[in-house]
Amino acid sequence: MGPTLALDGSRSPTTSPACTSKLHDSVVVPQKLFASVTMGEEKPFDFLRTLFEGVIAGGTAGVVVETVLYPIDTIKTRLQAARGGSKIEWKGLYSGLAGNIAGVLPASAVFVGIYEPTKQKLLEIFPEKFSAVAHLTAGAIGGAAASLIRVPTEVVKQRMQTGQFSSAPDAVRLILAKEGFKGLYAGYSSFLLRDLPFDAIQFCLYEQLRIGYKIAAKRELNDPENAVIGAVAGAITGAITTPLDVMKTRLMVQGQANQYNGLLSCAQTILREEGPAAFLKGVGPRVLWIGIGGSIFFGVLERTKLLLSQRRSKRSISESSKEE
C-alpha cells in the first residue's frame, strides 16, 4: 500500500512499529485516501448533515462559476447554434444571467447535496480498488436528480442567449404558451446523454486525481491545488463531451422550427449538412469555460465545505465546554 504512516504523519503511541505499520496499511490510509477533503478524522456517517453542507457548498460554487463565466458560455452557445456561415452576435453576453442563476443555485445545491452523501455511502460499500466506480455512480445519480431543475434553466438560458427572448419570465411564459410544459424540457434526452456522463466523468476524474495527489504529497491539499485539479478534470471532460453538447444545444434552441426530430435525427442532419467538424463547434470556448469553471467550482466547493466543517467543530467544542 506504500507508506505506513497516516496522511497526517502520526503514529499510535500504544502499538509497536510492526503493528502500527499493519494497522495503518489496513485501516487508516484507506479511510483517509478515499474520504472527502474536509472530513478529517473518521466519524459516524451523518446523512442529513452531509446533505445540508453539500447543498450549501454546491449552491455557492454554482452561482460563483455561473456569474464569472457566463459570457464564455454565451459565446459557446451562439457558436454551436449557428448554422452554416451564420455570423455570431457579440452583444448581450450576459443575457439571461439572472434567470439562469435562479436555476443554477438550486440545481448545483441539489447535485452536490445528493452527490456527497451518495459518494460516502458507496465508498463504504465498494472495495477500495473500486472507488472510481463509486465516484462515477454518485456523479450520475447527482446529475439525474439535478437535471429536473437544470433542463428548464438551460432551455430558457440558451433561448435568451440566442436572442429569442429578452427576459426569463417572458421566455418561460411564451414557451409554455407555444410549446406547452414539454417545451421547457426540450432536448431532455440529449441533456441526460451529455450531462450524466459529464457529471460522472468530471467528478470521478477530480476525485481520483485528488487521491493520487494526496498519496504523492502525503498531506491534505490546499485551495490552489484543488483548483488546478478541478481545472484539469473539467477541461478533459468538456472536450470529450463536446459533440453531445452541440446536439443538446441544437435541440434546445430549435423551438417550434422542428429542424430535428430527436437526438438521432439531429446527429444525422448535422453530419449530412455540415460534416463531422460541426460536432466540435464551440470546443475551444467550452474547454476554456469548463476548465476555468472546474477550477473555480471545485476550489469554492472545497473551501466552503472546509469552512462549514470548521464551524461545526467550533460549535461542538463550545457545546462540550458548556456541558463541563
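Glycine too: its Cβ is placed from the backbone N, Cα and C atoms.
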Annotated stretch (transmembrane segment, per TrEMBL) among the listed ranges 51-72, 249-270, 271-292: 51-72
Transmembrane segment range according to TrEMBL, out of 130-151, 174-195: 130-151
Taken over the repeat 'Solcar' (221-307), the model's mean pLDDT: 90
Contact set, same chain, for the transmembrane segment (93-115): CB under 8 Å, 6 or more residues outside the stretch: 51-52, 54-59, 61-63, 66-67, 70-71, 74-75, 138-139, 141-143, 145-146, 149-150, 152-154, 156-157, 159-161, 163, 166-169, 171, 199, 203, 301
Long-range environment of the transmembrane segment (51-72) - Cβ separation under 8 angstroms, sequence gap at least 6: 93-94, 97, 100-101, 104-117, 285, 288-289, 292-293, 296-298, 300-301, 304-305, 308-309
Summary of DSSP states over the repeat 'Solcar' (221-307), given as helix, strand and coil counts: 75 helix, 0 strand, 12 coil
